[in-house]
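S.K.: Quick one: the structure is below, and I'll ask about it shortly.
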Amino acid sequence: WNYGFLLGIIFCIQILTGVILASRFTPDITYAYYSITHIIRELWSGWCFRYMHATGASLVFFLTYLHILRGLNYSYLYLPLSWISGLVIFALFIVTAFIGYVLPWGQMSYWGATVITNLLSSIPYLVVWLCGGYTVSDPTIKRFFVLHFILPFVALCIVFIHIFFLHLHGSTNPLGYDTAFKIPFYPNLLTLDVKGFNNIFILFIIQSLFGIIPLSHPDNAIMVNTYVTPIQIVPEWYFLPFYAMLKTIP
């Protein structure tokens, strides 16, 4: 019942940790990888912010998929304004996560970006405008860094619009579109939200500190080598549905 609430909290944590990391990140192909290493090893609690941000990306998509499935199950399509604004937020999440994955400038980051830019090369001038050239290079990482910083705030604005539309029409429920059996927000729903947040936040901290579930590809811990292609170029788990669709294209 509270996936949207949990998603909003984790998304705000992502923005906070992202701003902290951005203050020490260098968007340059020569120094990007080493700036991440500097954040992890030299910055006070930098390793914690780095892994919280990386884990938070997976948690955002995990909660997003659950939120979408709940909406489909409870006929959220009958609320078109909320549904459309939610899809826009989802699209912004996808773009933000992808360009953020490129920034550490690891092997999988570079070659993943190369695959996607080659896919987009069929659209005239798009790759040159997006990457600052015909290949993934120094202008690319600078532009991706700017977009990765701006897009979350754009998504946050649309989140407020999404919430406005939700309260304008009311939320869907398994009993039907409308119901007279309303439950007060305090203390009933607030208590459930706090309990859900406590459970999710504990798992989030455990994963961030101890890495109990391997979420990142090990090749991305290696600095980019443009002369060596990884044996398998695979995305993060939350991009697997789109990767499967890409693999079906001859």
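Positions of Cβ are set from backbone N, Cα and C atoms, glycine also.
I grabbed these lines from TrEMBL:
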DOMAIN    1-175  domain 'Cytochrome b/b6 N-terminal region profile'
TRANSMEM  51-69  transmembrane segment
TRANSMEM  81-103  transmembrane segment
TRANSMEM  109-132  transmembrane segment
TRANSMEM  144-165  transmembrane segment
DOMAIN    175-250  domain 'Cytochrome b/b6 C-terminal region profile'
TRANSMEM  196-215  transmembrane segment
S.K.: In terms of Cβ proximity under 8 Å, which residues at least six beyond the ends of the transmembrane segment (109-132) contact it?
M.R.: 98, 101-103, 138-140, 142-143, 220, 224, 226, 229-230, 233, 235, 246
S.K.: Can you name the far-off residues of the same chain, 6+ from the ends of the transmembrane segment (196-215), with a Cβ under 8 Å from a Cβ of it?
M.R.: 2, 5-6, 9-10, 48, 51-52, 54-56, 58-59, 63, 236-237
S.K.: Quick one: DSSP breakdown of the domain 'Cytochrome b/b6 C-terminal region profile' (175-250) into helix, strand and coil?
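M.R.: Residue counts in helix, strand and coil order: 42 helix, 2 strand, 32 coil.
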S.K.: For the transmembrane segment (51-69), give me same-chain residues lying six or more residues beyond its boundaries with a C-beta closer than 8 angstroms to one of its C-beta atoms, as numbers and ranges.
M.R.: 3-4, 6-7, 10-11, 13-14, 17-18, 21, 86, 90, 93, 97, 100, 200, 204, 207-209, 211, 215-216, 236-238
S.K.: Restricting attention to the domain 'Cytochrome b/b6 C-terminal region profile' (175-250), give the mean pLDDT.
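M.R.: Across the residues of the domain 'Cytochrome b/b6 C-terminal region profile' (175-250) the model's pLDDT averages 82 on the 0 to 100 scale.
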